[in-house]
Every structure is written in C-alpha cells, then in structure tokens.
Amino acid sequence: LPLSRSVCSSMGGWQLLALPVGKGPHSVGCADIMVGNTCQGLFFRLFYPCEPQAGAEQPLWIPRDEYCRVLTTFTHCSWTAPLLRLAIGSCRVPVSWKGPFKPCSRGYPLIIFSHGLGAFRTVYSSLCSELASWGFVVVALEHRDHSASTTYFLTEAGQEEWIPYQRVPQGQKEFYFRKKQVHQRAEECVRALRLFQDISSGESVPNVLPQDFSLSVLKDSLDLSRVSVMGHSFGGVTAVLALVKEPSFRCAVALDAWMFPLENALYPEVSKPVLFINAEKFQTPESVARMKSLSSRNSQTKIITVLGSVHQSHTDLTFLAWKLNRIFSTRGTLDPYKGLDIISRAALAFLQRHLNLEEGFDQWDHLIEGIGDSVVPGAPFCRSNL
C-alpha cells in the first residue's frame, strides 16, 4: 500500500490512517536485529539514515501475528487480538526495509529507545523513523523482562523460544515486581550501548537475525560521545534509571513516564538532564512530584505537557484505525500529526542542547520550555488510568 498522510484503505468499514513519513533530510531504513542465542541477548528494530531507494520494500507494522496480543495486554480483553489483526494487520511502516546504510564520517548520534508496558519494538515506529530522518541511529529495544506484549529468541538449534507478557503474580506487590523489571530493562539499555561500542571499536558482533544485514556497516558512522536514552511510559522511567546505570548516556527523554517502579533512594543519583513530555490525561500528582524532585535538583531537567493528548498519543496506535479509537481511546483531541511534531521537535531541541549538536534544532527550543500551541510547562494533576 502507498503510505501517506491521507486515508490509505478501508477494510470492512475500518478506515485506516497511514503512519507518517519522516520529515527530516534523510531517507530512513530499518532492520530487525537479534544478537545472541539466549534470553540474555538483545532484540531490537534499528532505524537509521539510508540511501534513497525507489520502490523499496516496506516492513509490516505488526511483524508477526503473535504481537497482536498488544491490545489484549493493554485492554485486558481477549478478543482484541483478532480485532487488531483485522483492522491494521496489513499496515506497513514507510521506511526502506534493510535499505543501504548511509555512511557519515562525523558520526550519527545514538538513541536507545525503551517501549512501554505491553508494547513491542515497532509500536513507536513513527517517532523512531522521524528521529532517524534527522540524522540519528535509533535502537528500539524489545525487552525480555516479560513486559513486552510478547517476544522471542532463537536458540543455537534455531528454535524459537517465546517470552510471553506476564501480569503481576497473585499475592505479590506490584512495586517489587515492576522494580525488578525496570532494573532489567535499564540493564538491557546499557547492554545495547555496549554492543555499539564494540562495533565501533572493530569487534566482530555476529547477529543471529538477519544474516543479510551486518551491524559492521555502522562501524565508522557512529558518534558514541553523543548517546541518549528515550522511552515511553514504563520505558520512560527505564530511561531515567539508565542514566544512573550508565554515565555515557548524556540525557534522557521520558514520554509520559510511569514513575511508580523507581525506588525513592535512586532519585538523588539522577544527575543528568531529563525532558519529561507528558500527555494531558495520564499523570498522577505522585508521579509528577517525582519528576519535580528531579527538576528541582537540575535546572536543565524540564517538564512539559502536550494538550489534547492521551497516553497512547505517543505511540503509532494514535495514527491507526479510527474506529479502534472509539473503543480504546488511542487518540486525544489533538491531531496526531501535530502531536508527533511537538514531541519530536521538543526532543530534537533537547538532544541538540545536551549532545552539543549543531543541526538547527534549537529553532524549537521554545517547546522545551512549554511555550507554543498545544504545549504548556509543567504537568496537570490528572487521575491515571493505570
């Protein structure tokens, strides 16, 4: 299907809206990369600047049918998986699948991206491809802490071993369960950075999947002095914790962060700047208070709210299947394309400031301060739907 801003198809009355194309100067390629034959390895979708290709293959947004469980875990409704498959199962991401990497002698900055609870590596394709179009290499992890909708790894025998989503065990307090997960997630972010450090130093890092795309093409095209971490919801607090675990992460962008799983003793250890980009209808006073405790210690840590947005406005779901929105509230009152512009431009301005880039992203500095149409500083105290 040709993908554009307009409605691209209708399936049984389910009108679909396509994922947006990156607005930056680079064409974008992507590949799914699996490293290691155990659950301790890594699995991620890599978004990167690529050479333009006419008629390039575009990857499916939902990579496998098993991932249709995403709305099942989001909504606790067992019938949503076939509904999701029917509504948006054929949607494709407007990037070049395993397109030829575009070398860069000065090196692209690196972003490690952490998904939210019940999500997976492709759910943030719009934001990740937008950032890649502006000259970033983005590593969208698929976490193996049982917080993804589902995921898998390939054993040495070539067998798939699946890691399903796991709810909080009966009788166990959620904080302790999520605390363990957030530490595993942050450590996976650090391991991802280590992987690219090894690649840049010339070490051979054979990937299990795919065999026709070698990470070695990135060797001389990464600037690992300019590395950041980003995430949504559970991934937002993962990004904050990753700053504590790894000094090489210079800053974090936390999209509607779920601050609950991070223990209070760690907040004083977050010394690097964080940009909190919140939706209007998700955060709690307790969560915002934790964000403010970080901003009170670091004047470069900022909190802004995108008006008219909901928690899923940070995901691709806000662009897909209009009728799904009536059931699952995947879209607020703000136009999703405008919302993506605000989120991506605020992030780009913040990254330029703290990675010492010279790309002209400072034209959007006002967004970091919460100044502009549909954005305000701070965060309203709204009841969470968690």
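Cβ coordinates come from backbone N, Cα and C, glycine included.
Features reported for this protein in TrEMBL:
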- Ser233: active site, nucleophile (ACT_SITE)
- Asp256: active site, charge relay system (ACT_SITE)
- His311: active site, charge relay system (ACT_SITE)
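Here the Cα atom of Asp256 (active site, charge relay system) is found 5 Å from that of the residue listed as 'active site, nucleophile'. Here the Cβ of the residue listed as 'active site, nucleophile' has 25 other Cβ atoms within 10 Å, regardless of which shown protein chain they belong to.
Taking only the Cα positions, the spacing between His311 (active site, charge relay system) and the residue listed as 'active site, nucleophile' is 8 angstrom. Annotation: Asp256 carries the greatest number of neighbouring Cβ atoms among the active-site residues Asp256, His311 [cut-off 10 Å, Cβ to Cβ].
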